[in-house]
Amino acid sequence: MPSQSRSRDRYRGRDTEYTRRRYPDEHDYSHDDHDYDYDDDDDDNDDLEQDVTERRYRRDGYRRPRGESRARAYYERDAAAAAAHDEELLAEERERRRAGASGSPRKSGQHRERDRDRERDREAQSRRRTYEDDGRHRTRDGRRERRREGGGEGGRRERRRGESRRGEAARKHQSSDSTNSASHLLSADALARLGSQYEKEDRRERAHAKDAAKAERKRRKKRAVVGEQERGLRAEKPRDRSRARVASGAYMEEGRGPEMEFRRRGGGGPPMDARWPKGGGWGGSVDGGDAGRPFWKQKKWLIGIGVVILILVIVIPVAVVVSKKHNDKPNATTTQPDGTTPSNSNLDGLSPDSIPGYAKGTFLDPWTWYDTNDFNVTFTNETVGGLSLMGLNSTWDDSARPNDNVPPLNKPFPYGKQPIRGVNLGGWLSLEPFITPSFFQSYSALSGVIDEYTLTQKLGSTAGARLEKHYATFITEQDFADIRDAGLDHVRIQYSYWAVTTYDGDPYVAKTSWRYLLRAIEYCRKYGLRVKLDPHGIPGSQNGWNHSGRQGAIGWLNGTDGELNRKRSLEVHDQVSKFFAQDRYKNVVTIYGLVNEPLMLSLSVEDVLNWTVEATKLVQKNGITAYIALHDGFLNLSKWKSILKTRPDNMLLDTHQYTIFNTGQIVLNHTARVNLICNDWSAMIKEVNSTSGFGPTICGEWSQADTDCAQYLNNVGRGTRWEGTFSLTDSTQYCPTADSGPRCSCANANADPSAYSADYKKFLQTYAEAQMSAFETGQGWFYWTWRTESAAQWSYRTAWKGGFMPQKAYSPSFKCGDTVPDFGSLPEYY
């Protein structure tokens, strides 16, 4: 008889047929065509597989339904049935022997053939039972498998039985007894045929097993291969549990199965895919620490796929929007005015997950900021006065001073004894078309883009990115260092109400400029510069000019919403004053402005003054100890001798003086202009600054511009007085040579400063220094403005670097009282 291979697939087909035949009512025929993960091995680690399945069934703790009981139940039933069948065969054999004892040993061919068939059936049945009993329980019980292999007592009993049968056959062969002789002849013939048949079947089964294994490797279906399934029995799966993958065969034998190598969560080693090939029918994994428990379950796969799809549905549109947003922002290579690029290195090592969900994508989320340099990017939702502290450090140092002539920040500035020498940051946090014409040049007159309101309305969703780039790049830390180096000691910083809040219908970019305002103050602190806060845009517009945010009607204290906007403006000051009343600002924010240039020539003077007193009391009640600045409203300064004689303490009057918006002054020649400043303005400022006048007075705005030629200075699309294009109905030129000629032109005034003649530079510096001298008879001055894109005569920075401004503001070359220098051959028409 052929040796019994340990390959489980060798008799798999007959095992299935045997089960069908023996248990026709209990076998589930719908699962005969099983898909197997098979490797033809001769030395499976069946103990391991037994452990896997046994642990799994003990863990699950369930009962099997009829027809699908555990293998051990099959074994007990098989043994009983086999015993009954053997009894039938023995009884039949005894009857046959009794019948044959009285007959001739030579029987007819028909009888011999029938006996041979019976003998063949009996031998085949015995052989099937031997293999069936062996195969069914080899996986389920490792000890029984070892006995079958001959290593245990059971194996020795099997060998003794085999030897006993062979001995009995030999005795029959040697006996002359007719019964024995007949039996022997039949058994030998049957065994010879059976041997030949089995060898053929073995070859067919091996070929079949090889083909089946090859086909199965292609399918790679995720089916569990447990003991019963390997022999054609359907393995019961507990309800609501998915099958685990159990690998067997050569992979397991070589230690390459998942139980042998599986990277756990937090464990080391290569990824699962690198350890376990996806070929050969593999389609999953097993957790080696809990054999039989699935790592990937079918339901989890479906849920996972659904989650991935959902994430893609969310992420792709967001990525498109973010990509569009970043296209509107400069990339990492965009240079700032000083040639540097925006720095976001302080985000390194931090996670966007540190930002709460409610703050993601808002002005509180530093991952949405264009520039995080010198901001504290640690998240906080803390507020003071309802205004965010996000971006601020918790410590500060007030020991700096801008120069030796000025006390450090932690020492009081001697207002009234030492003049303010400062500069404005106009056109930065509150746009002004002539300072940054690039925002407006690309639009036609028909577009109606004339101010920040219409600009942000036109920009729509891209306004935030566009303006934040401007906030981050137009004024940088280097500017504050330069302001200090220029000998200046104060900075007047403009902001508008939308830095604090916005209202329904507002297109303005809300709150972003607030962060840059706070950073600017910290830069001022670093370089010892004191700050004057100045709200340029008030709800409703206080003057109807473009730098108030919206050009047109005045809606503050005036018109249908005048009272509403009055209330709103006080609410803004309530918040802002509470914020800047913090100790950290007491030494650096030393002047607190109420409103820039309220047009009291159009507004009720009484209404403006009443609001001014109420606002002053409000902010002082909230803790502001700084000087409170109010603008003169374009009233004649002499009138302020009798205005607000009884007022709150610590108030300053702010006046803005220009020679180019007055048609009687713009026509003066160069020398006459300097004389006007030193003779008239100086006396005017000195008078209003006295106790007989209003009292402490500063000049919050002035420039060295001697023409109104700067682009958009007189509003977007408006001409100039200098060239006679200001009015659509009047072409009169207002310039020194208007009557005598030649005709005045803006070409020279708007030329690049490098083209300025030495005489023109000399005039511009003398003109500037004369104004400094005049305004220092009061509390001091703030030049308008520090930087422009193209209007050189309005940029202190350009003039300082271009050589037509004193290198140190506190050390001018000219003072009122000095002889006005000769400007040589400088033409009067520019």
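All residue numbers here begin at 1 and follow the chain in the order shown.
Glycine residues also receive a Cβ, built from the backbone N, Cα and C atoms like all the rest.
Quick look at what Swiss-Prot annotates:
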REGION    1-279  region 'Disordered'
COMPBIAS  1-34  compositional bias 'Basic and acidic residues'
COMPBIAS  52-98  compositional bias 'Basic and acidic residues'
COMPBIAS  110-175  compositional bias 'Basic and acidic residues'
COMPBIAS  198-215  compositional bias 'Basic and acidic residues'
COMPBIAS  228-243  compositional bias 'Basic and acidic residues'
COMPBIAS  253-264  compositional bias 'Basic and acidic residues'
REGION    327-351  region 'Disordered'
CARBOHYD  Asn331  N-linked glycosylation site
CARBOHYD  Asn376  N-linked glycosylation site
CARBOHYD  Asn381  N-linked glycosylation site
CARBOHYD  Asn393  N-linked glycosylation site
CARBOHYD  Asn546  N-linked glycosylation site
CARBOHYD  Asn558  N-linked glycosylation site
CARBOHYD  Asn610  N-linked glycosylation site
CARBOHYD  Asn636  N-linked glycosylation site
CARBOHYD  Asn669  N-linked glycosylation site
CARBOHYD  Asn689  N-linked glycosylation site
ACT_SITE  Glu701  active site, nucleophile
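Mapped onto this structure are the features recorded in Swiss-Prot.
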residue	record	contacts (Cβ under 8 Å, 6+ apart)
Asn376	N-linked glycosylation site	Met390, Gly391, Leu392, Asn393, Ser394
Asn381	N-linked glycosylation site	Pro356, Ala359, Leu364, Ser388, Met390
Asn546	N-linked glycosylation site	Glu432, Pro433, Ile450, Asp451, Glu452, Asn715, Val716
Asn558	N-linked glycosylation site	Gly540, Ser602, Leu603, Ser604
Asn610	N-linked glycosylation site	none
Asn636	N-linked glycosylation site	none
Asn669	N-linked glycosylation site	Pro736, Glu828
Asn689	N-linked glycosylation site	Gly695, Pro696, Thr697, Thr777, Gly778, Gln779
Glu701	active site, nucleophile	Asn424, His656, Gln657, Tyr658, Phe782, Tyr783, Trp784
Query raised in the report: Taking the Cβ of Asn393 (N-linked glycosylation site) as centre, how many other Cβ atoms lie within 10 Å?
Result: 12
**Report entry** DSSP three-state assignment for Asn546 (N-linked glycosylation site)
**Finding:** helix
